[in-house]
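Below is one structure, written out as structure tokens; comments come after it.
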Amino acid sequence: MLSSGVFIVASFIDGGFGGSREKSVSLTLMALGGLIVALLLGTVCVLTTAVTLRTPGMTLDRVPMFSFSMLVGGAIWLLTLPVLLANLLLIWVDHRYNGGTTFGAGAIQFDQVLWITYEPQIYAFLIPGLGIVADVIATLTGARLGQRNILLLAIGAFGVLSVGAWAQPAIYPSASDDLVWQAMGLLMLLPTLLFFGGVAKAFKDGKPSLKSPLGLAVVSLLLTLLAVLAGALLAITPLELRVSGFFEAGQYVLAIAAALAAAAAGIGYWGPKMTGGHSADGLGKLNVLVLLGGGALGGLSLCVVGFSHRFTGLDGAHDALVVVSMIGCALLALGGALALLGLLSGARKGAPEAAADAWGTGQTLEWACPSPPPTGNFGDLAIVRSPEPLLDEEA
């Protein structure tokens, strides 16, 4: 929080990348470095918990899907975010001490860290969302996830293909012409489709409950698929979609929307466990429409602008499509606010009290303890024999 506060203040006093006040720029760089260090430390804590503090019988292939996705995503973050930290350090040293290199030049400071938002690195921040989506769909359809090991493999492959620290346009301008970069963009479709098919089967095998977390999970899944499809199109050089940057911006908005929808699904899903009360489901269902509309308008309109240089009939629609994208981004901001309001509604006085198994179809161990959990959470636990221990008890 300290680093976030320093970053906001420094940005307002003419800091930020390429700012005119030297000390403010230095503060911005140091604050961003602090944020990355904090994220890395938090990631280490999560990975340590997932690896060393599992209950008896819970092997890594039996952990909840969200835990596994954090294990994969966290490993990728630990591999790539230190590179971003090194970028910031190079910029800071050259900016602060006038080292004679171009790293600290104001005009290109921001360009040196933009790789974190480009393909394939942008996918690294979608990995936890895959786990959230899988857990929400499994619980709210009441079905075991079939071919679970294939889903785990899909998440792992998604993680491997999201390593993008090597493809920094500021240092390696021809990265997008590299055969490896193009192959990664196309291959990312395979684990995404594999995952999509695996979780979709739960709708056939179970009885979907029309609750807002399920709708938000589906929205996240669809937006993730669109973001990956956009990335695959970017990798096809003859389409010339990397010319203007608009198509890349559209893919970025789609990815952000997918992550936001997954976060909203997770907040709605685990909200009763955190607050002890059910949130307003109508608010969540409204958010399904808001985030779907925001992602589609904000991302797809920019993708259409990216295509416009190939079709003369779209020339006059450029400005209108940009406005549509801005409206979509505003809807995404509204969606984030609605997700937080939904969480607060569960903590309000008079909210419907949540049982231990708030949804009545819980499969994993968090739904066996009271909502919210007391200190210590559980007493003695039976040995886990499958990824769905609560369903095993019912059987």
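Just so you know, glycine gets a Cβ as well, placed from its N, Cα and C.
Taken from TrEMBL, the feature domain 'Cytochrome oxidase subunit I profile' applies to 1-385. The transmembrane segment annotation in TrEMBL covers 28-53, 65-93, 122-143, 150-167, 179-202, 214-237, 249-271, 283-308, 320-344.
Mean pLDDT across the domain 'Cytochrome oxidase subunit I profile' (1-385) comes to 91 in this model. Here the transmembrane segment (283-308) has Cβ contacts under 8 Å with residues 211-213, 215-216, 219, 222-223, 226-227, 230, 241, 244-254, 257-258, 260-261, 264, 268, 314-315, 317-318, 321-322, 324-332, 334-335, 338-339, 341-342, 345 of the same chain, all six or more residues outside its ends. Counting Cβ pairs under 8 Å that are 6 or more residues apart, the transmembrane segment (179-202) and the transmembrane segment (249-271) reach fewer than 3 and are not in contact. Sequence-distant neighbours of the transmembrane segment (214-237) (same chain, 6+ residues past either end, Cβ-Cβ under 8 Å): 119-120, 122-123, 126, 129-130, 132-133, 136-137, 140-141, 176-177, 181-186, 188-189, 192-193, 196, 199, 208, 247-248, 250-251, 254-255, 257-259, 261-262, 264-265, 268-269, 284-285, 287-288, 291-292, 295, 299-300, 303. For the transmembrane segment (122-143), the residues of the chain that approach it from at least six positions outside its boundaries are 64-70, 72-73, 76-77, 80, 116, 151, 154-155, 158-159, 161-164, 188, 195, 199, 201-203, 205-209, 211, 213-214, 216-218, 220-221, 224, 227-228, 231, 251-252, 255, 258-259, 261-263, 265-266, 269, 359, 361-364, 367, 388, judged by C-beta separation under 8 angstroms. Counting only same-chain residues 6+ beyond the ends of the transmembrane segment (150-167), those with a CB under 8 A from a CB of the stretch are 61, 65, 68-69, 72-73, 75-76, 79-80, 83-84, 115, 118-124, 126-127, 130-131, 134, 175-176, 178, 181, 184, 187-188, 190-192, 194-195, 198-199. For the transmembrane segment (249-271), same-chain residues at least 6 beyond its ends with a Cβ under 8 Å from one of its own Cβ atoms are 66, 117-119, 122-123, 125-126, 128-130, 132-133, 135-136, 139-140, 211-214, 216-217, 219-220, 223-224, 226-227, 230-231, 234, 278-279, 284, 287, 291-292, 294-295, 298-306, 325, 328-329, 332, 335-336, 338-340, 342-343, 346, 359, 366.
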